[in-house]
Amino acid sequence: MEKMEEPAASGQREVLTTHQHSPKRRKGGLITMPFIIANEAFEKVASYGLVPNLIFYLIKDYHMGVDQATTTIFLWNAATNFMPLLGAFIADSYLGRFLTIGLGSICSLLGMILMWLTATIPHLRPPACVQMTQTSCETPTAGQMAVLVSSMSLVSIGAGGIRPCSLAFGADQLDNRSDPKNQRVLESYFGWYYASTAIAVLIALTAIVYIQDHHGWRVGYGVPAILMFFSAFLFFVASPIYLKQKASMSLFTGFAQVLVAAYRNRKVPFPPRDSDSKYHHKKDSESIALTENLRFLNKACSIRNPEQDLAPDGSASNPWSLCTVERVEELKVIIRVIPIWSTGIMMSINVSQSSFQLLQSNTPLSIKIKGKPVRLGVKLRMGVGLFLSCVAMVVAGIVENIRRRKAIREGYINNPQAGLDMSALWLVPQFCLNGLAEAFNAIGQTEFYYSEFPKNLSSIAGALFGLGMAVANLLATVILSAVDHLTSKGGKDGWVPNNINKGHYDNYYWLLAIMSSINLLYFLFCSWAYGPCKEQVTKVRDEGNGFNKEEQEMPILGTMI
């Protein structure tokens, strides 16, 4: 009897064990979205709120000249725009996205607290100027500058940790690439993400600036610090429910190994096309096929002698002579997207010409023709954005030409500060066109990079658009300086003098329109050379398998409203 009871008891224990483990909740999902989006939105409000009035703070409180203050802000903006690329590599190679965002949030918080302290503690900035005497204002000491630069550096480092990883980290919570509805889920998420960040920037450039103007620097810099605290708190409080992807090996090292191995194996003949076993695949991973583009890199993963090239556990005995197919394809996809990525720089140059920040949000575009849903592909959206950017520069040139002629007719050619009988609403069309251009192109670029890149490169995918903006800021300065130098030779006023009525800003805008048109043709060539996107290949495969695409046209994230 005892022997017969044993299996029953064992079975009971099995049922009990299964029951104990069944309530374990799967991590990730929609429940994580408010925390991730709030982290990014609060960071945007806090960091963007520091920028507009910073030049007045540096001139009035730190007694900097206009040139020094402008240069300081320019270098800070450049560092803030380039840091996300470094943060993306660190996240994908070493720390992972969760830890990178967490450290970035802490750095941003410390930087904003330090900035607030400079406005609160008098000894951290130069004493006020004595305006009743001819005494010159004291310049900041080395220690005071060190505190200021440290605060700005911490904010830049924080942005480098949060901005490239936040979008990809949120996509990690939703991304299930085996699900045919996955693309629609990600599109909806991208739309909501950009809508929330656009609203955050709008609040930063209105409410935060208003607080600084009417309540001083102590309150004006204290509010961003408080918002950044909430950003970090909301991110960390949801830590138990996040799906956290581990970082892979160093991307720099891995890509260097591919190049070195391809060079070392350059004289090795290619294996037969149908001989996949001659290529080295990552252990315990889904086998992927080598692509034919950039074929010379395929030799980096070509197995010449299995006994010498492979270790007993199946790994490469020397990774500098033999790489995995997966690593080769990762390098290929980065090289392949560079031409298309470069086409977005011109649009960012055009947007940077405006002295006002144009903000817009975007939701996934979907219309119905004859009852059937129609979606615009990512490359088509990018192209539409570039076209609208070109049109915006044409419109800007026309409006400026009309404004200048009117100023000359009214006798204000030597008085650029005089008010004209011309409504500021004339500027609305070009701002709207630039806003639509950025909405189409920015979200299209991000979706394109994320869908084309392997999952372990998602942070880099999220950082590429920001890198393009950073390059655009530098190129915009170079273009403006070159135009001013070339058009002001011989004592002429040039196209872009300080007196806008004596210049020809309309010609400058039309020059940008011509450059944008050439850039659009360049994009069309790059798009054709790139070939079909992964989403197009997947769509063809799904339709071939009889998958009903209409089932996935419902708004997946509608519950987030």
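Just so you know, glycine gets a Cβ as well, placed from its N, Cα and C.
Pulled from TrEMBL:
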type: REGION; residues: 1-25; note: region 'Disordered'
type: TRANSMEM; residues: 73-91; note: transmembrane segment
type: TRANSMEM; residues: 98-117; note: transmembrane segment
type: TRANSMEM; residues: 145-169; note: transmembrane segment
type: TRANSMEM; residues: 190-211; note: transmembrane segment
type: TRANSMEM; residues: 223-243; note: transmembrane segment
type: TRANSMEM; residues: 380-399; note: transmembrane segment
type: TRANSMEM; residues: 460-483; note: transmembrane segment
type: TRANSMEM; residues: 508-531; note: transmembrane segment
Chain residues outside the transmembrane segment (145-169) and at least six past its termini with a C-beta under 8 angstroms from it: 36, 39-40, 43, 47, 50, 62, 76, 79-80, 83-88, 91, 97-98, 100-112, 114-115, 117-118, 124-125, 190, 193, 242, 446, 450, 458-463, 466
Dominant neighbour of the transmembrane segment (508-531) in 73-91, 98-117, 223-243, 380-399, 460-483, by Cβ pairs under 8 Å: 380-399
Close approaches to the transmembrane segment (223-243) from elsewhere in its chain (Cβ under 8 angstroms; 6 or more beyond its ends): 25, 27-28, 31-32, 35-36, 38-43, 45-47, 49-50, 98, 101-102, 105-106, 108-109, 112-113, 115-116, 169, 172-173, 208, 211
Region pair the transmembrane segment (73-91) / the transmembrane segment (460-483), three or more CB pairs under 8 Å: yes
Intrachain residues whose Cβ lies under 8 Å of the transmembrane segment (380-399), provided they are six or more past its termini: 340, 343-344, 346-347, 350-351, 353, 365, 426-427, 429-430, 433-434, 436-445, 448, 506-510, 512-513, 516-517, 519-520, 523-524, 527
